[in-house]
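Now, the feature entries from TrEMBL:
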type: REGION; residues: 1-73; note: region 'Disordered'
type: COMPBIAS; residues: 27-41; note: compositional bias 'Basic residues'
type: DOMAIN; residues: 221-325; note: domain 'Protein arginine N-methyltransferase'
type: REGION; residues: 340-360; note: region 'Disordered'
type: DOMAIN; residues: 361-419; note: domain 'Protein arginine N-methyltransferase'
Amino acid sequence: MLQPTDGGYTNGYHHDGAVAGGISGGHRVRRGSRGRPRGRRGGGGSSDGDARVSLGQQHNEDEEEREKPAPPCTEFDTAYFNSYAHVGIHEEMIKDRVRTDTYRNAIFQHQHFIAGKVVVDVGCGTGILSIFCAQAGARRVYAVDASDIAVQANEIVKANNLCDKVIVLHGRVEDVEIDEEVDIIVSEWMGYMLLYESMLGSVITARDRWLKPGGLILPSHATLYMAPVTHPDRYSESVDFWRNVYGIDMSAIMPLAKQCAFEEPSVETITVENVLTWPQVVKHVDCYKVTTQELESITSRFRFESMMRSPFHGFAFWFDVEFTGPRVFPLDNGMRPSFVEPSNSNMMEDNQRKKRPNPNDALVLSTAPEDPPTHWQQTLVYFYEPLDVEQDQVIEGSLTLSQSKENARFMNIHLAYSSGGRSFVKESVMR
């Protein structure tokens, strides 16, 4: 819930008065009407061809740390994996042409590196990325998935006469045994708001166990962005609707309607017209170096200047991922994406805003509002009441994203922000 920092403003309510009682958000309904989680299905696997684990790349961990037993599979993990046994979620991901085409293009762009090499696909789902790698000439592909969809993946591999190249391992990456180092890790690990569901941890585990020095990770880098937004249509649909319902005054329900509509983050599609400012970087992830501890809690400060006079309804988040080798990034080519603010601000991570590389040097899969839509859409954290801002008005504060102690796949969001002499805090949980 939002907590006051001056004068009693609470959890996104920008006015004096009572706040509606708390309502349990339950579990998020994700991926539209399917109600299936967008999750960490690739936790790893036991296999149709069991083998022993080899010692992979160290990545700044000592031998004792590496040999720690795998974390237990919790009831949350089991429920998560079970949700990925449903074919609908895989259909939705595969039909996302931006996602699937970019992965296929990235794999074939790196065909010279993949040909004759060993690949592990973390969270293989139906096995489509594993098959792309086999088509690109991989000598062997370990397709790992903890969900029962792995059974179907194995049948798909057989139907495509790839059993000599693709080995489907049904189990968690934390548990599966492979008796050789791998040259490439491929994984579609990104959740809503990039880090939701913590699947990146499984990629890190695979990297530290098996990836050879100088190996390739696809995607290699990821960046989470945020920006203030205005969205009067969304507010009107969810809240103002109750002012007059078939000629009946139902405005008494409006506090409850706000609570139900805006208590939790919302996954939806917005356009650049909804964005009030240039976006800023929340977190840049280098998949070759990132640690699981680094992802447990992330804090970033922000400072925006509104480009227009408008009601300020909340913050939007989106991400992009890049497919480059470990020594190619970062690129200092003087180019910047059309939608990232040029600034010399020293408030951002690493004292700079990240620049996308030249498309000729790296493929980029973007979920930004100005780019073609994907199944990830954008994630919005709405206030219960909009805040009116003027052109050039400053909006500043800090954001903390942390893994929930209840379930590490959930994400706690803590927003402290101020504008026009008023300060607020909005807290939310992405379940």
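Every residue, even glycine, has its Cβ placed from backbone N, Cα and C.
Automatic prediction, not curation, is the source of TrEMBL annotations.
A quick note: this is a predicted structure, and the numbers were derived from the prediction, not measured.
Taking DSSP states H, G and I as helix and E and B as strand, the domain 'Protein arginine N-methyltransferase' (221-325) has 31 helix, 45 strand, 29 coil. The average pLDDT the prediction assigns to the domain 'Protein arginine N-methyltransferase' (221-325) is 97.
With DSSP classes pooled into helix, strand and coil, the tally for the domain 'Protein arginine N-methyltransferase' (361-419) is 0 helix, 35 strand, 24 coil.
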